[in-house]
Structures are given as structure tokens and as C-alpha cells.
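These features come from TrEMBL:
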- 2-118: domain 'PLAT' (DOMAIN)
- Gly17, Asp79, Asp80: Ca(2+) 1 binding site (BINDING)
- Asp39: Ca(2+) 2 binding site (BINDING)
- Trp103: site 'Essential for stabilizing binding to COTL1' (SITE)
- 118-564: domain 'Lipoxygenase' (DOMAIN)
- His368, His373, His551, Ile617: Fe cation binding site (BINDING)
- 565-617: domain 'Lipoxygenase' (DOMAIN)
Amino acid sequence: MPSYTVTVATGSQWFAGTDDYIYLSLVGSAGCSEKHLLDKPFYNDFERGAVDSYDVTVDEELGDIQLIKIEKRKYWFHDDWYLKYITVKTPCGDYIEFPCYRWISGEGEIVLRDGQAKLACDDQIHVLKQHRRKELETRQKQYRWMEWNPGFPLSIDAKCHKDLPRDIQFDSEKGVDFVLNYSKAMENLFINRFMHMFQSSWSDFADFEKIFVRISNTISERVMNHWQEDLMFGYQFLNGCNPVMIQRCLKLPDNLPVTTEMVECSLERQLTLEQEIEQGNIFIVDFKLLDGIDANKTDPCTLQFLAAPICLLYKNLANKIVPIAIQLNQVPGEENPIFLPSDAKYDWLLAKIWVRSSDFHVHQTITHLLRTHLVSEVFGIAMYRQLPAVHPIFKLLVAHVRFTIAINTKAREQLICEYGLFDKANATGGGGHVQMVQRAMQDLTYTSLCFPEAIKARGMDNAEDIPYYFYRDDGLLVWEAIKTFVAEVVDIYYEGDQVVEEDQELQDFVKDVYMYGMRGRKASGFPKSIKTKEKLCEYLTVVIFTASAQHAAVNFGQLFLGMYPEEHFVEKPVKEAMARFRKNLDSIVSVIAERNKNKKLPYYYLSPDRIPNSVAI
């Protein structure tokens, strides 16, 4: 009688094991086996982190194994089980891998395909086509779109974290991490102890030091010691947490009436302001997005204010960027003066503080929340709805949306909701942050997420002309490494452009992003369909870069890019491509480390060994 060896791997996260009864059936081209109970005498099966093997004997040869069915039945009480993968050794000695990486909750059955990635056109067997269709039908019922606020990208239809499908909820450790990190951040910033400082006037700039007292690393200490200096102020627009606002000034805006006479003490080349602009030495940061946004009124006893500044900056003879003029609101006039470095020390310093405050609001709500978290959630929901687990693009992207939907749901519960942290601690709380996202959606375009094009659109692409823009330099290296890896994977599964165009599941994924994520806005420039391999490579690079590198640059995280602990791909060519990707990333790490040697203020946010795969890892 033919015998198969079945190996079952249980996850290593908390509570991944189970005491329930586990049954397995093998479905082959020549027949289906009986349901077998996987159980070894005097042994605790399916413990956390365990890899257990079982012999499954069948009456007749089953032919090519196409599917396996796993059924879980209650023993004492219901407990969830996290199944990593199953391998099957056939009687003729072949090994077949069945990736799972899913939770099996309560009593139920899941059906797994072997790990070979397949496009829909590759499936000619009815049972496999049917499995593919049923998987998507089930997912589309679980992953529904919802409008959290008018004008926002659509998000997951879940009021709270526990309403999410089990497979995308935080693991127990990750949930604990979220709570602990949230609490730790509050503790580090002394939010509770110093809340009165945020809700009343400060008497001295030294009060800043009380907030920084428990944040101890090289960068924060240097910022704390030099934050009042113009050089640090300018540097932060290049390599701080919001390095996406600065752009080359091609012409002074009509609402910023700065003259040569006003700034001549800052100009070092004996040129007029207009000549400096022509030579490309003038830069601008415009916070017009904040104009008219409602300031926080949740506490009637505390008046809060917002500015919508325009800041003019200059590249000096040392190629460093420094501020030369600041107007705090958009409409010029006697009540809206232009502040200059030649003004009284604290007038100029306060003007810079207002700019930095505005930068904080745009960074947190737009650069970070909207343009990494919410956009990545859109990609994630569309992926789960339209790409089956056997699809190579699902296998490629799944690590990069890991826990994204969960962390965004937590944010809607605790951070950006009514009475959340934004309302308590931000001047844009109480609805202003919602208005900001609604406005910023008009500028959220596909091209603006393509890193090289975004850099070029701001006139910041010339490395010789602007030599200290490390965000650009490192970002371009990582972008190209991701794009090269993606192109290798695409080449493995798509022979030509026609295969891309005829991949209906891929087209449905792209359409879902456009119709629901971008609300069907033609002006967004997001494609409704993809017709070439080249465009597909760019699109997938946007998805991965946004979730990993771009988020790391504006948030900073842990160490995962290029590491894929869940082995969704089983094919050797893809694994070899992953190895080359990691090698490429390692070389970028070395380049950045060498550049950072002996720097008083190193930039490492985009070093691949510090970039997480997704916005939530």
C-alpha cells in the first residue's frame, strides 16, 4: 500500500500550537485519500514551534498530489492554530511543499495548493481553477472596503482590531509590542507628566531639554544641542523625518514678496536674489496645505494655533542649506511680516519654531500617515481581494503588507479617532488632521510615489549640485535594488507583455487600487490596468518601496528588508533572485556605512539593514 510522509510545521509565535484533532486528506489526479488523524502515541502534537512528521498510508496510488485538506476539530475547547507549512514526500521520493502561514480558527477546514506559483492561465485542471476561484470569493467577503472619512482612501471594513480576519490581526507578541511601544513612547516623551507644558505658555527654551532628557542617542543629542542653529534647521529639510517638502525655487511665488535688499546679508555670492534663483541656489518649502485648517478646539480652556508658512532657503558657498526668509502665513501684508536672520535673535528663532511646528503636522498626517500607512493599506486590501495565494505577485507582496491593516485599524481606534492621541496632543487634532488628509488626496498621485520622479519633480535630483541630500542618494540606491529584484521575479513568471495584459487577477488588483484606494480619481494618475512588464515592475516597486524604504525614511523601524522568513516561494529561481537582492542590499549597507564614518550627524534611515519590510514591522 502506498505511503506518504507528511511533515507539519507549527508557528513559533505565542499560542500558535493546538491540542485539537487535526485531520489530513490528500487530493490527487487519480483519487482522494480518506481523512487521516495526525496523531502520534504518547506525544503532544502541534506544539508551538514544532515540526512533526506522520506516515499516511492509502489504499491506492493517488497520482499527482494537487491539494491537501486540513481539518481541525475541537478536543477540549476551541483554540487557534498557526500552520506554517506542510510537506509531502510521495512514495516515489518526490517532495511537495504546501505553504500556509495562516491561522486555523475554531472548527473548520482549509485547502492548500502546492507552493509552485501559478498564474491563472497556467491552471488547466478544473479542481485547481475551482480552488482559485473559491479562495478569492471567500477573501472578498472577508476583506471589504469601507469609507472611514469622506475623501480618505478607502480602508478595511472593521470597527476595531478584533473585527479583522484572524490572518491579518497582530500576533499576540505584536499586539503586546504595540501597546508597550505606545506606552513607552508616552513615557519617553513624558507626555503625561508634561502635558501641562503643552497646554500652557512656556517660560524658557530650556523647557525643551526636559522633554529630551530621556531620549539618548547620537542624533537626538546633536539635534538637542544644535536645534536653534540655521544649519541644523536647513539640514533637517534634507535629512530629517520629513525630507520630502523642500524643492528648488524656480520663481518666487507672488505671495512671498522677498527682495534682494531684505536677504542680501545672507547671500554669499555677490549676486541678486533673482540671479541666485537662476543659478539654482534658492530653495523653498511651502506649507500652503495648512492654510485655513481648523486648529484644535477640543479643550476650550486652551487656545491652539496653526501657521501656513513659506520658508525660503539658500545654498551657501559650503553647499549647506540655510533659511533666509520666513513668512508665517500665505497672504502677505503688514500683519504677516517676513522674518529674516537679521531680525532680533528670538524673533527669528520663533519664526523657525513655527515652521518646524508646521512641518511636524504635515509630516505626521500626510507624509507618514497618508502617504505610507494608508496607501500601503490600500495595496494590502486589494491584494487580499484579488490575488490568490498561489499568484506570484501575492507571494511577492505579502511580506510587505504584513500587519499593515492591523496597525492602521489600531490607529483609527486609538490615535486619529475622536478623543484619540491626536486630539489630546496635536494642534491639528479635533478634525484638522482629517481636513489635511482630504486636501492632500488631491496631490496624492502615482508619479509622486515613484521615488526618482518625485525627487526630480522637486528639482532635487542633481547630486553634485546638492551634495548632502542623503535621503535622495540612499533612496535611489534602495529603489534600484528593489526594482532589479522585482524585474527578476516578473521575468520568471511573465514571458511577455501579452501575459501581463491577459492576467485578469493582476488587472483586478490594479483596478481595485484605483477604484477604491484612489477613489477612481483620474487626476491621481494611478493606472486602471497594466499592459507591459516594464510598467508592472515599476508598479510593484512603488508598492514595496512605499511600504518599506519610504516608511523607514519618515518613521524609522527595525531590520528586515530583503529577509523573507515566510517561504511563500518554493521555486529555486526566485530563491536565487532573493539571494542576489540581499547581496545587493548588503553592498548598499556598506556604502552608507562608509559614507557615515566620522560624520557628526550620520544618516542611516535608508540603510537596508534598518528598513522594515512593511509599515508595521
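Each Cβ is built from the backbone N, Cα and C atoms, and glycine gets one as well.
Positions of TrEMBL features highlighted on the structure.
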{"residue": "Gly17", "record": "Ca(2+) 1 binding site", "Cβ neighbours (10 Å)": "21"}
{"residue": "Asp39", "record": "Ca(2+) 2 binding site", "Cβ neighbours (10 Å)": "13"}
{"residue": "Asp79", "record": "Ca(2+) 1 binding site", "Cβ neighbours (10 Å)": "17"}
{"residue": "Asp80", "record": "Ca(2+) 1 binding site", "Cβ neighbours (10 Å)": "16"}
{"residue": "Trp103", "record": "site 'Essential for stabilizing binding to COTL1'", "Cβ neighbours (10 Å)": "20"}
{"residue": "His368", "record": "Fe cation binding site", "Cβ neighbours (10 Å)": "20"}
{"residue": "His373", "record": "Fe cation binding site", "Cβ neighbours (10 Å)": "22"}
{"residue": "His551", "record": "Fe cation binding site", "Cβ neighbours (10 Å)": "27"}
Roughly how many Å lie between the Cα atoms of Asp79 (Ca(2+) 1 binding site) and His551 (Fe cation binding site), rounded to a whole value? 35
DSSP tally for the domain 'PLAT' (2-118), helix/strand/coil in that order, comes to 0 helix, 61 strand, 56 coil
Shell of the Ca(2+) 1 site beyond Gly17, Asp79, Asp80, same chain only (C-beta within 8 angstroms of their C-beta centre): Phe15, Ala16, Thr18, Asp19, Asp20, Trp81, Tyr82
Run through Asp39, Asp80, His368, His373, His551 for me and report the binding-site residues whose CA is within 10 Å of the CA of Trp103 (site 'Essential for stabilizing binding to COTL1'), in sequence order. Asp80
Pairwise CA distance, Gly17 (Ca(2+) 1 binding site) versus the residue listed as 'Ca(2+) 2 binding site', rounded so that it is a whole Å: 14
His368 (Fe cation binding site) to Asp80 (Ca(2+) 1 binding site): how many Å between their Cα atoms? 34
Length of the line joining the Cα atoms of Asp39 (Ca(2+) 2 binding site) and Asp80 (Ca(2+) 1 binding site), in Å: 18
What's the CA-CA gap between His551 (Fe cation binding site) and Asp80 (Ca(2+) 1 binding site) in angstrom, rounded? 32
